[in-house]
């Protein structure tokens, strides 16, 4: 563990970031692969109902994403909190942070499970479920809600492991659970004929496997050796975690608002087919953005650790390296996805008119992929520094752009207007992100100068 922290504090920034990000990228690739396979199995395994199954996944996605957003908020806030504890060599802070992260994760899962069962049908209707899609969406979400606690705690505990710099363990964990998910998908859908419910059950079992891996890590592998005595609710610590993670929750959770508007416009201007296409576009975008998310997962603990250690020059270098890597990787994968869009959509369906419509929609919706990559890195950087207010304001501003654009543009351009709303909002958000980051880099420079003066005076 000491060598890991030495690399984070004094090793090459590029090597340290790659060391933390690479396993995360591999893990995300594996997870996305099973998401791809899951979608293919639903699209092809449900026969004539394939489009309805794909539509159901699209409708269910924002609810699942809201759960992930809440869990990620706890994970990001907690990771920032305990990473600064590691950097300051404060083990008590780390233990309190871990204990309160777990408590908050359990509370989040209970809230979503209970509320989900009582409000499932109206929620699905709210997100745009038509009469034909609704039965499939309900079958899928029923099982997802049952396994909600495993999903939330997996995200929360993963953040703890990443904060310790043990990303290789996470990679192995996701490799096992993802392969299991793919195998069970095939068995449950094609052999047992459980339909879309089979896909959900396979997902829940995979999440249970992740949870078991993480519990084992906490008790047997972690350098801190987790103890149940850490599970003591501390309002101050929990508030710090929530305060930092709030921007992550709003950033990801606010996409739920976007889905409501988008799905309703898709129903109005396109119908079930357009809803299915939107879900497929999200799958492709999820692949393109994998390196960016992996870089974020490596950057947050690395930035938090060095900020806690008052290594400000290194913090700035970490951001610049992460931003360049994110933009370049997203640009490369974006170009590839544009070159082979039709072939990619052909994996999910053989419906040529649907593929033709999907290709045009993707080309319009994902024009600004590199800008999105930079905005994600910028927001994560502010979170890692514990700048809750700045990160939260940046996130809120994005939603202020999203709502009017997605509401007004489709009125004039119909279905095309829905798709082009995305790059318009991304450009606006990208400009604002640049302004926020430039300001924060100046603040870091001043903090570095003050610390240097104080350190010199002490000598």
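Cβ coordinates come from backbone N, Cα and C, glycine included.
Marked as transmembrane segment by TrEMBL: 51-77 (among others). Beyond its flanks by at least six residues, the transmembrane segment (51-77) meets 39, 42-43, 45, 101, 104-105, 108-109, 112, 116, 123-124, 127-130, 132-133, 136-137, 139-141, 144, 148, 151-153, 155-156, 158-159, 195-196, 240-246, 248-249, 251-253, 255-256, 259-260, 263, 272-273, 275-276, 278-280, 282, 300, 348-349, 351, 354, 380, 383 of its own chain at Cβ-Cβ distances under 8 Å.
Taken from TrEMBL, the feature transmembrane segment applies to 98-120 (among others).
Annotation comment: TrEMBL describes 140-161 (among others) as transmembrane segment.
The transmembrane segment annotation in TrEMBL covers 173-192 (among others). Listed as Cβ neighbours of the transmembrane segment (173-192) (distance under 8 Å, sequence separation of 6 or more from its ends, same chain) are residues 26-28, 30-31, 33-34, 37-38, 41-42, 45-46, 198-199, 201-203, 205-207, 209-210, 213-214.
Only residues 6 or more beyond the boundaries of the transmembrane segment (198-219), in the same chain, are considered here, and those with a CB under 8 A from a CB of the stretch are 34, 38, 41-42, 139-144, 146-147, 150-151, 153-154, 157-158, 160-161, 166, 169, 173-174, 176-178, 180-181, 184-185, 187-189, 192, 225-226. Under the heading transmembrane segment, TrEMBL lists 198-219 (among others).
Sequence-distant contacts of the transmembrane segment (257-278) (same chain, six or more residues past either end, CB-CB distance under 8 Å): 51-52, 54-55, 58-59, 61-62, 65, 126-128, 130, 132-133, 354, 357-358, 361, 399, 402-403, 406-407, 410, 414-415, 418. Residues or ranges marked as transmembrane segment by TrEMBL: 257-278 (among others).
The transmembrane segment annotation in TrEMBL covers 284-302 (among others).
The transmembrane segment feature in TrEMBL is assigned to 323-348 (among others).
The transmembrane segment annotation in TrEMBL covers 360-385 (among others).
The transmembrane segment annotation in TrEMBL covers 392-413 (among others). Outside the transmembrane segment (392-413) by six or more residues, the chain places 246-247, 250-251, 254, 257-258, 261-262, 265, 269, 375, 378-379, 382, 420-421, 424-425, 428-429, 432-433, 436 with a CB less than 8 A from a CB of the stretch.
Using a Cβ-Cβ cut-off under 8 Å and counting only residues 6 or more beyond its ends in the same chain, the transmembrane segment (419-438) has close neighbours at 319, 360-361, 364-368, 371-372, 374-375, 378-379, 381-382, 390, 393-394, 397-398, 401-402, 405-406, 409-410, 413. If you look up TrEMBL, you'll see 419-438 (among others) marked as transmembrane segment.
For the transmembrane segment (98-120), the most Cβ-contacting stretch among 140-161, 284-302, 360-385 is 140-161 (pairs under 8 Å). For the transmembrane segment (284-302), same-chain residues at least 6 beyond its ends with a Cβ under 8 Å from one of its own Cβ atoms are 8, 13, 16-22, 24-29, 32, 35-36, 76, 79-80, 83, 86, 162-163, 165, 167, 318-319, 322, 325-326, 329-330, 333-334, 337, 341, 344, 362, 365-366, 369, 372-373, 376-377, 380-381, 383-384. Long-range contacts of the transmembrane segment (140-161) within the same chain, counting only residues at least 6 positions beyond its ends with a Cβ under 8 Å from a Cβ of the stretch, are 56-57, 60, 63-64, 67-68, 70-72, 74-76, 78-79, 82, 98, 101-102, 104-106, 108-110, 112-113, 116-117, 120, 124, 167, 169-170, 196-197, 199-201, 203-205, 207-208, 210-211, 214-215, 217-218, 222.
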